[in-house]
Amino acid sequence: MPTITLPRIIYPFPSLINQFVTAAHEQNRQWVADFGFITTPEAMARFDRSRFAWLAARAFPHAGFHELCTIANFNTWLFMLDDQCDEAQLGKKAVYLEHVTDGFMNILKHNTPVDTVLGRSFTDIWERMQALGDTAWQTRFIRSMEEYFTSCHWEAGNRAADIVPTVAEYVTMRPYTGALFADVEAIEIIEKVYLPAHILQHFIVQRLVLACNNIVCWANDIFSCAKEARQGDVHNLVLVLQHERNSTLQEAVNETARMHNEEVKLFTALEKLLPSFGAEMDRELERFMAVLRSWITANYDWSYHDTGRYQVKEVEVVINS
């Protein structure tokens, strides 16, 4: 694996962290043990190094303890699903993966039990989420999860057929494969930010959500490109750029960083163009925007400072200061 220089990423937003982060980590490690995700001391040591609760605590800095645990468990579940796809080669078995995700959709839509570790744990999360969100919120969240699972099927089909997506295809699908739209929907129940549909669906708000998603996902692709290149997974913006343009890995990293930085500029510009929806709604919208900003910094801070998941400090990666 060649040595690559990672670009220095700086955001014009504050880095925050929830006061309940340590307690949420303890709850999260107990949760994965109780549901059977972790069965050995070695696996628990790896889990502790991943520090999943820190990502949730940075992204939702003002959430209460119960809400923080709920979203930390949810994001941990997503990582566990991702790992099981890798370990069981589930990510290459498109038809079987559809069967598995159909079970998860039945949990969401009908509260139908699924007697697996992933199924039982997802039911536990969904029961807590249902208690926090009304039916309108639940409908939005279910749609975001359905889109996420559909994007997983797309990736699995590509892997099974040895297809490398084009850059255009990848950029279109990447906001869904990261499941961040589900986390954005969760802002309402986790940080208690209540915005009516006409504000959430306003075209500037929608583009800000997409910009946040792109920034987070493309930064993640930079951090994880070495790991995914080793695993032979092409679903990474750096790697599809390298393939399509026949460039070096470093050139592809640099282009991904340029695209990422342009999206940050767009985000900050669009914030200034948001219309007023009245004093009360403007305050709620500012709280919503604050969580989007927190997600952007949370992803970077967690990836670089907290977790051992992406190994961004390995010798094959040099951070450019």
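Yeah, the Cβs are placed from backbone N, Cα and C, and that goes for glycine too.
Segment annotation: Swiss-Prot labels motif 'DDXXD motif' over residues 82-86 (candidates 47-51, 82-86, 112-116, 307-311). Among the binding-site residues R174, N220, S224, E228, R309, the residue whose Cα lies closest in space to that of F79 (site 'Plays a critical role in the stabilization of intermediate cation') is R309. Using S224 (Mg(2+) 3 binding site) as the reference Cα, a 10 A cut-off selects R309 from the recorded positions E155, R174, R309. Residues near R309 (substrate binding site) in space but far in sequence (CB under 8 A, at least 6 apart, same chain), listed by position: R49, S50, F79, S303. If you compare Cα positions, G178 (site 'Plays a critical role for abstraction of the pyrophosphate group') sits closest to D82 out of the recorded positions D82, D83, E228. When Cα-Cα distances from N220 (Mg(2+) 3 binding site) are compared across the recorded positions D83, E155, R174, the shortest belongs to R174.
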